[in-house]
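Asker: One structure, pasted below without further comment.
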Amino acid sequence: MRDPLTDCSYNKVYKSLKEFAQHGDNFCKQITSVLQQRANLEISYAKGLQKLAVRLSKALQSTKKNCLSTAWAWASESMKSAADLHQKLGKAIELEAIKPTHQVLSMQEKKRKSLDNEVEKTANLVINNWNQQIKAKKKLMMSTKKHEALFHLVESSKQSLTQKEKQKLLNKLKKSTEKLEKEDESYYQKNMAGYSTRLKWESTLENCYKSMLELEKERIQLLCNNLNQYSQHISLFGQTLTTCHTQIHCAISKVDVEKDIQALMEETAILSIENKSELLLADYFEEDPKNPMDKERRKSLLKPKLGRLQRDIEKASRDKEGLERKLKALASSSSFSDAKSQKDMETLMDENSLKLDLLQANSYKLSSVLADLEQRPKPCHPCSTCIFKWKEKEHSHTYVKISRPLLTKRLEKAESKAPAGGQNNPSSSPSGSTVSQASKHLCKALYTFQARQDDELNLEKGDIVTVHEKKEEGWWFGSLKGKRGHFPAAYVEELPPKAGNTATQA
């Protein structure tokens with residue numbers, strides 16, 4: 001059985017975000033656990049903090065690198081140097097970080113379960129409708145086959161039967177016709193209900209995606225707040241923590257919540273903005289060229305079905321024109337500029353377009369069969385390349401892939417990254433936070449610095465570094481021994497121009 005949910009872009013986006021949220025939740029729990037043990041181990045000084053730093057480092061190894069994880073890595077290093085922290089710090093951490101985090105994580109877990117249940121419920125509706133269509137189709141095919149057999153029996157035995165026997169067969173044929181029409185209408189209604197259940201499921205995925213995205217933003221903000229609280233308490237301790245705090249301060253000053261949220265959006269983005277909805281098309285007994293039905297009989301039965309589709313297409317087209325007029329009025333009139341009304345109207349437009357595409361695909365398929373029967377060229381339609389078949393035992397099924405825009409706007413990179421004038425300035429700085437351009441300035445490393453990301457430089461005490469760029473968040477960009485990268489400004493001192501020339505010549 002084909003799964004109608006597998007290739008849905010909405011489903012892929014939601015699952016990707018759900019997986020990302022699970023990793024984020026695990027990371028947040030690891031951080032909370034580390035802070036709790038940090039608070040408990042404060043009274044045991046260096047030994048306890050050393051073990052905790054190792055635990056934190058392991059937790060960070062399985063976490064995606066970003067601003068927050070880098071800052072927490074520096075927090076791990078500060079734990080190694082803060083062996084003399086006393087009980088007051090532990091209580092402050094427990095009260096201001098651990099307790100709020102537990103509350104937020106507990107609330108988010110309940111919300112995520114509720115969102116998952118809602119998605120699963122609507123997904124089951126899509127699958128059930130899909131299965132009902134196939135079941136109704138099989139039933140209609142069998143009834144049509146029996147009806148045709150009875151029809152041919154009546155036609156072939158008109159001359160050999162008495163009037164009474166002939167009337168009996170005609171009554172039986174009439175009942176069979178009524179039953180067939182009822183089953184045909186039931187199958188048609190189930191087929192038409194397919195698009196509404198599909199839309200409901202996709203809309204639920206979209207809404208649940210937005211809700212889960214807000215939870216992730218809240219979690220990132222919580223981690224940032226915890227990190228800032230942690231920094232403030234560390235700053236209260238004396239001269240013994242000065243060197244350690246310099247390191248963690250540099251890392252915290254580099255934290256950019258918006259950058260992490262952008263990373264979240266990029267991590268969960270899909271590769272293609274194209275969304276294809278798969279819908280079953282109505283298949284009829286009359287379409288199969290292998291059945292014993294004659295051509296004229298086929299044509300007489302297909303034409304009413306085609307007429308029904310044409311009437312529905314005309315109605316849907318009129319509805320579309322009306323929606324377009326309303327949408328145009330909303331956009332042009334200031335009194336109707338309500339964003340929610342426009343969003344609702346766009347949703348109705350999307351629903352109408354999907355219904356119209358389904359009707360046109362069904363109409364094209366039946367028109368093509370009728371054209372073959374009447375020995376004339378097949379009609380042309382864009383959906384001809386989007387209709388596919390697959391076989392299941394003795395039956396074949398037809399479905400159409402309808403391309404639709406994703407209503408959820410994922411990454412608006414063009415707007416967020418382009419300059420105000422719309423042109424790329426080749427002479428502009430690669431980062432908006434650059435405060436000055438340093439042309440061949442030199443500086444000397446005062447402390448050893450171990451790089452934690454690929455774009456950072458390793459420094460040894462006494463190294464002479466060429467500075468290319470100074471940034472306001474406390475990090476500079478330079479080169480050392482042929483390698484370029486970032487390094488903390490607090491770890492170096494600038495050399496005067498003359499000293500820099502001497503160091504260069506040496």
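Note: Cβ is positioned from N, Cα and C throughout, glycine not excepted.
The coiled coil annotation in Swiss-Prot covers 160-230, 305-334, and the record cites sequence analysis as its basis. Residues or ranges marked as compositional bias 'Low complexity' in Swiss-Prot: 419-435. Sequence annotations record features per position, and here Swiss-Prot assigns domain 'F-BAR' to 1-260 based on sequence analysis. The domain 'REM-1' annotation in Swiss-Prot covers 292-372. Residues or ranges marked as domain 'SH3' by Swiss-Prot on the basis of sequence analysis: 438-497. Annotation comment: Swiss-Prot describes Ser114, Ser479 as phosphoserine. Under the heading region 'Disordered', Swiss-Prot lists 413-435.
In the displayed structure, how are the listed features positioned relative to their neighbours?
Answerer: On the 0 to 100 pLDDT scale, the model's mean across the domain 'F-BAR' (1-260) is 84.
Its Cβ taken as reference, Ser114 (phosphoserine) is surrounded by 12 other Cβ atoms within 10 Å in the chains shown. Annotation note: Ser114 (phosphoserine) sits in a helical segment as assigned by DSSP.
Ser479 (phosphoserine) falls within a strand when secondary structure is assigned with DSSP.
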Asker: To the nearest Å, how far is the Cα of Ser479 (phosphoserine) from the Cα of Ser114 (phosphoserine)?
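Answerer: So the Cα of Ser114 (phosphoserine) lies 52 Å away from that of Ser479 (phosphoserine).
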Asker: Taking helix as H, G and I and strand as E and B in DSSP, count the residues of the domain 'REM-1' (292-372) in helix, strand and coil.
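Answerer: Helix, strand and coil residues of the domain 'REM-1' (292-372) number 75 helix, 0 strand, 6 coil.
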Asker: Near the Cβ of Ser479 (phosphoserine), how many other Cβ atoms are there if near means within 10 Å?
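Answerer: Ser479 (phosphoserine) is surrounded by 13 other Cβ atoms within 10 Å.
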